[in-house]
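Heads up, the thing below is written out as structure tokens.
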Amino acid sequence: MQNPPLIRPDMYNQGSSSMATYNASEKNLNEHPSPQIAQPSTSQKLPYRINPTTTNGDTDISVNSNPIQPPLPNLMHLSGPSDYRSMHQSPIHPSYIIPPHSNERKQSASYNRPQNAHVSIQPSVVFPPKSYSISYAPYQINPPLPNGLPNQSISLNKEYIAEEQLSTLPSRNTSVTTAPPSFQNSADTAKNSADNNDNNDNVTKPVPDKDTQLISSSGKTLRNTRRAAQNRTAQKAFRQRKEKYIKNLEQKSKIFDDLLAENNNFKSLNDSLRNDNNILIAQHEAIRNAITMLRSEYDVLCNENNMLKNENSIIKNEHNMSRNENENLKLENKRFHAEYIRMIEDIENTKRKEQEQRDEIEQLKKKIRSLEEIVGRHSDSAT
């Protein structure tokens, strides 16, 4: 069985950009369960270390007693969905495994990786090269198979894998990130197909030496042990995520029921408020109509008041005229009274003068009688 292929340098840049996109999208998914795979508290140690020693272009892979963990794939460096269920519904197709090529070996040999750089290695799970244009929904960790990639069998090259491992393995321990069961199944499928291809290749290839066979058998046992540990860790993490997700759903269901009851209460309250609002609207219309009627009556009363004011002003003018006439009459009365008094005085004066004249006439009559008597006596005496 061949070792899993490594991600090429151009795939490393693509994985880094996908990791930045996923970290930006993960901040917006607070209410959903995290799709990332839970890492164990203690890093899984593998009981071997690949020490690169090259002599005249040959690769010697030896087993060391000091266990140093090689870098394993971190699925969180790839853009994935927010729902963990989608990770188990669309596994990676085996044709996405990049077969070794001669130009890739040259490129990997000329590529100088930084000392502290971590390479994300996924057994039988990598993205296609950049030359293929793939369009799929965002946050989908398992993109559909593009039309340009054929469903071909996996052909792995031991020399290509060894060179890639020697050029990309860091010198320090890294944390182990486990894959979900769907990815393990796809990895098993890819490795089984790789075993079949190896059996077919063994017919034509020369028989390797004893050291290589020992390394292959020990590596196969270690890979089986590592795969079993990864499966157990992945199942445990999946159960934990499942329980957490179910608890989260139950909590959300309870919150939804509470919100639904509160919404029903608010609906009934809204209906009662709507009825009260309709009653208030009817009362408002009645008050508005009453105000309109009162305004019309007020206008009529204002008109009548204006008419009364006009009549009052007319009466006042007539009263002033009558008062002026009364004043004039008083003046005329005084004048008539004076004339009346003068006429009475004139009448009295006239009566007094007539009495004086009558008295004078009586005196004259008396004088005449006395004279007649005197004359009669003289005549008698003469006779």
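Positions of Cβ are set from backbone N, Cα and C atoms, glycine also.
Summarising the annotation, Swiss-Prot assigns region 'Disordered' to 1-64 (among others).
Annotated compositional bias 'Polar residues' per Swiss-Prot: 13-64 (among others), in sequence order.
Residues or ranges marked as region 'Disordered' in Swiss-Prot: 83-113 (among others).
According to Swiss-Prot, the compositional bias 'Low complexity' annotation covers 88-101 (among others).
Look at Swiss-Prot and you will find 168-184 (among others) tagged as compositional bias 'Polar residues'.
Residues or ranges marked as region 'Disordered' by Swiss-Prot: 168-239 (among others).
Per Swiss-Prot, the feature compositional bias 'Low complexity' maps to 185-206 (among others).
The compositional bias 'Polar residues' feature in Swiss-Prot is assigned to 213-222 (among others).
The domain 'bZIP' annotation in Swiss-Prot covers 221-284.
Swiss-Prot lists 223-247 with the feature region 'Basic motif', giving similarity to another entry as the kind of evidence. On the 0 to 100 pLDDT scale, the region 'Basic motif' (223-247) averages 90 in this prediction.
Swiss-Prot lists 227-237 (among others) with the feature compositional bias 'Low complexity'.
For the region 'Leucine-zipper' (249-277), residue counts in helix, strand and coil come to 29 helix, 0 strand, 0 coil, using DSSP. Per Swiss-Prot, the feature region 'Leucine-zipper' maps to 249-277.
Counting residue by residue with DSSP, the compositional bias 'Low complexity' (227-237) contains 11 helix, 0 strand, 0 coil.
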